[in-house]
Amino acid sequence: MGDEDWEAEILKPHVSSYVPVFEKDKYSSGANGDTFNRTSASSSEMEDGPSGRDHFMRSGFSSGRNLGNRDIGESSKRETTSTTGGFGRGKGFGNRGFLNNKFEEGDSSGFWKESTNDCEDTQTRSRGFSKRGGYPDGNDSEASGPFRRGGRDSEYDQDQGSQRGGGLFGSRKPAASDSGSGDTFQSRSGNARGAYKGLNEEVVTGSGKNSWKSEAEGGESSDIQGPKVTYIPPPPPEDEDSIFAHYQTGINFDKYDTILVEVSGHDAPPAILTFEEANLCQTLNNNIAKAGYTKLTPVQKYSIPIVLAGRDLMACAQTGSGKTAAFLLPILAHMMRDGITASRFKELQEPECIIVAPTRELINQIYLEARKFSFGTCVRAVVIYGGTQFGHSIRQIVQGCNILCATPGRLMDIIGKEKIGLKQVKYLVLDEADRMLDMGFGPEMKKLISCPGMPSKEQRQTLLFSATFPEEIQRLAGEFLKSNYLFVAVGQVGGACRDVQQSILQVGPVFKKRKLVEILRNIGDERPMVFVETKKKADFIATFLCQEKISTTSIHGDREQREREQALGDFRCGKCPVLVATSVAARGLDIENVQHVINFNLPSTIDEYVHRIGRTGRCGNTGRAISFFDTESDNHLAQPLVKVLSDAQQDVPAWLEEIAFSSYAPPSFSNSTRGAVFASFDTRKNFQGKNTLNTAGISSAQAPNPVDDESWD
């Protein structure tokens, strides 16, 4: 067909006799509201990446998930105009298609109208016409360029001056605005639910225009905007029994009394031995008793009086040792004593305490603890995090917010939109502070403390808690803490919990899957977590285990928040007794009865290894950690692993010692980013007092590297 014939075909009124058959549930989430189950895909699909969807090849019909931009027709450098039904103005064709499952005004194409309670954004892109078809702006009938769909390329049209961005799968660069006609074509670049760019970002998808936007950059209110994230998490249980459901302590809980604790800094207050010595109010004491707390852990004995005294604190204690209660209880005691300012009757909420953690699951866990200890008081805790509806976060805040628990991206987004005030902030808490201050979230945390209205570090109390504090992180902490802050070191700082039996197995890459199946079948009904390094690998291993008749689910940053919460729920209740995870689940998560941790892939740093195996052996319970050591990729961890195993009084394999001290292993005390010495004591040189710690662990000499393939927020 020549150019003239093609133009005439477009411009003439046309009534197609073709009636597409839409499989209503083919790409939808289903009647029950469940989203796609990633573990049900074939192993070949998980290993090779997402496959292209079948699409209609007639006059702009396509499936709900196109893969980019591709010219239809013989010429890509010619302006066309549409004035009749079918093309443009969102009527059947074009970038609008179906909007909220109903037709635009004046549409008469005869398709059904559908209503659904499913909140997922898939409903606007998986039914009806493609949003990638036709012109990019349904209100501009003069838009330049032919109808484009499919494909994966990007080109710049010199004749028309318009830029069309296609982008490969997972493209991290949004199409730039053009310098000519003002039309920007943007590719969907793969499916919408697997499209996290990086640390704090979420996908903004919509009618013909997509954009990668960070929450901190206003990703939910961009000029180029599609359907917002609509997931609203279910409310937590309100009955008292559920609120105060507590973790069962293990047989080794009493051994905490023998752990060495050192406090460095000026004029540290003495430790307390019982909750009664803290002089907390009666309501707090009642809530502590209901939660099943009878004895203080070492970090609580020293941290509670320090926080009550108003001192800044950096506390380093092993995983599962009660750090959350160590900062929540004294903060609540202060708020109960001094009174609160925020209430639901104020137009602008100004929380007194802000708690920040790197992952959604961890911050929700902290919120539940805050809700537990504040039960029956006038203090109201609120949690906000990415992957949930932005309006839902605002509604939670305006109802009253005294303690704000947040992930960094959503917190900066809320602050940027002036939904909260910071003038009343008295307490700033960074949980998993080493991760909060490293390359992943360091810039955002610096923005937070420099926000207008945020009290200076001299006017607020700042608390940093983690299981690991490398020396570089301690230096960065100087920007957040007063110069006279106190440093609490509990036990072997940066070391692994001795309640965890560690085993290192030398397993090559091709044998790992079969070895994993063998271990899982031998442990019977015990509940294991399997850690891998990448999101793709997590889904692949989960699929493989399901094929081996082992019920498995997965959690990682590319799964929608609804799916992440469902996966954790299925794992907790035993519906899926095996959880395959990336570093999203490595820090802080407190899941009862996790008896095994299996490192299918070892992490890049020893600090991350300590956090991973800390998911078991919590609160005095015993656990086991099995790690697959690959001599082709894990040699940099040989020396730090030997040190961690020795400090935890674990058996060290002879072959591992050989690798650690061979000439092929990196030197132990170097400035390399892997396997160097990390600080196991207060690194300040100018404080008055004696630091008696004389043990040195081995870890990264600098901040832990952010996990390249993981979305933390």
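Note that Cβ sites are derived from N, Cα and C of the backbone, with glycine treated the same way.
According to Swiss-Prot:
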COMPBIAS  71-80  compositional bias 'Basic and acidic residues'
MOD_RES   Ser207  phosphoserine
MOD_RES   Ser211  phosphoserine
DOMAIN    304-487  domain 'Helicase ATP-binding'
BINDING   Ala317, Gln318, Thr319, Gly320, Ser321, Gly322, Lys323, Thr324  ATP binding site
MOTIF     431-434  motif 'DEAD box'
MOD_RES   Ser711  phosphoserine
Tell me the Cβ contacts of Ala317 (ATP binding site) under 8 Å, same chain only and six or more apart in sequence, or just say none.
Thr297, Pro298, Val299, Lys323, Phe465, Ala467, Val488, Val490, Gly491
Can you tell me how the residues of the motif 'DEAD box' (431-434) break down into helix, strand and coil by DSSP?
2 helix, 1 strand, 1 coil
Going along the chain, which residues six or more apart from Thr324 (ATP binding site) have their CB under 8 A from its CB?
Gln365, Ile366, Glu369, Asp431
Name the residue among the binding-site residues Gln318, Ser321 whose Cβ has the smallest number of other Cβ atoms within 10 Å.
Ser321
Averaging the per-residue pLDDT over the domain 'Helicase ATP-binding' (304-487), what integer do you get?
92
Of Gly320, Gly322, which of the binding-site residues has the most Cβ neighbours inside 10 Å?
Gly320
Other CB atoms within 10 A, centred on Lys323 (ATP binding site):
25
